[in-house]
Amino acid sequence: MWWRVLSLLAWFPLQEASLTNHTETITVEEGQTLTLKCVTSLRKNSSLQWLTPSGFTIFLNEYPALKNSKYQLLHHSANQLSITVPNVTLQDEGVYKCLHYSDSVSTKEVKVIVLATPFKPILEASVIRKQNGEEHVVLMCSTMRSKPPPQITWLLGNSMEVSGGTLHEFETDGKKCNTTSTLIIHTYGKNSTVDCIIRHRGLQGRKLVAPFRFEDLVTDEETASDALERNSLSSQDPQQPTSTVSVTEDSSTSEIDKEEKEQTTQDPDLTTEANPQYLGLARKKSGILLLTLVSFLIFILFIIVQLFIMKLRKAHVIWKKENEVSEHTLESYRSRSNNEETSSEEKNGQSSHPMRCMNYITKLYSEAKTKRKENVQHSKLEEKHIQVPESIV
């Protein structure tokens, strides 16, 4: 029993002296300075180390481990290591770790969340007119490059706040997004107003507001109608009046209206309709058209490259055949010339040898004939010489 009590008494101070394993969350806006603090109660024979979310060492005690000057040492002592990261970006998000080395190794994790506040909203209005004479106003409120996605609502006549059809489009990195909210107004009064309100965590309770007054839209429509009427009277050619505020003629039937699914809110001055598919459908069509065009161009380019490669291969085969034929012809010509020279030399050698033999035989025959004549003449002279003395006697 006493042994257990003593063990517990020795264990509690060690736990208080060491760095507790826990996770802390820090939220910071993009462009601000991030401060990371690591504090322990131990003061002797201990070391502190900060690690990036990717696992690289930032500082080991007061010694920097990275050449990146983005991380700066704020304070170092035996029981504290604090660093700063100025001008924070979305790439600095993640879980940073502080390691405390003493008799054992303990870890403190700091989860850093970087917020990107939305830009000032842009509000656009357009009038759509159908063949049956009905018309409605489409309001689009958009903001760009925010993280996380903002919340967009519509304030009708300073009394009622509703939500429209919201579309979020994330950028290629998957972090920031562009948000658009669409609201369709079927009926409105001249003094009616609509405000686009944007809320976001990075705004810290503040709101971004883009107001719209329908009296400006009515004034623009009346001005455009008067100008068109004057032009029609002067040219004696009646025309239908159009609005300069993005007026669109819609030739579709009421079946399209049945396919639209919105939230409907009625007011004494306003009847609203939220269309979450209006902007998405148009962008989807344009995206499909662009993708089809790019695919067709890539296919044409692929065919051209294949034809060029085939032409190069054909030319290479023809050149190779011609080269082989020329080499074969040259070798045959060389072998033929060598054979002719060899045969001519053999013929010359064979014809000269009999001639030499004939000349030698002729020479021997002539010499033998000459000697024979000389012997005959000599024998005749001897016979004459012998016969003369006998006659004298």
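Glycine residues also receive a Cβ, built from the backbone N, Cα and C atoms like all the rest.
Of all ranges given (286-289, 354-357, 390-393), Swiss-Prot attaches the label motif 'PDZ-binding' to 390-393. Considering ASN21, ASN45, the record held by Swiss-Prot lists ASN21, annotated as N-linked glycosylation site.
Between ASN87, ASN191, the residue that has N-linked glycosylation site written against it in Swiss-Prot is ASN87. The cysteine that Swiss-Prot pairs with CYS196 in a disulfide, picked from CYS98, CYS141, is CYS141. Disulfide connectivity taken from Swiss-Prot links CYS38 to one of CYS98, CYS177, namely CYS98.
ASN178 (N-linked glycosylation site) counts 17 other C-beta atoms within 10 Å of its own C-beta, drawing on all protein chains shown.
Checking each of the recorded positions ASN87, CYS141, ASN178, CYS196 against CYS38 (disulfide bond) by C-alpha distance, the shortest gap belongs to ASN87. There are 26 other CB atoms within 10 A of the CB of CYS141 (disulfide bond), with all protein chains counted.
Proximity of distant same-chain residues to the transmembrane segment (288-308), defined by a Cβ-Cβ separation under 8 Å and at least 6 residues beyond the stretch ends, is recorded for none. Here the topological domain 'Cytoplasmic' (309-393) has a mean pLDDT of 73 out of 100. Checking each of the recorded positions ASN87, CYS98, CYS141, CYS196 against ASN178 (N-linked glycosylation site) by C-alpha distance, the shortest gap belongs to CYS141.
Closest to CYS98 (disulfide bond) in space, going by CA atoms and restricting to the recorded positions ASN87, CYS141, CYS196, is ASN87.
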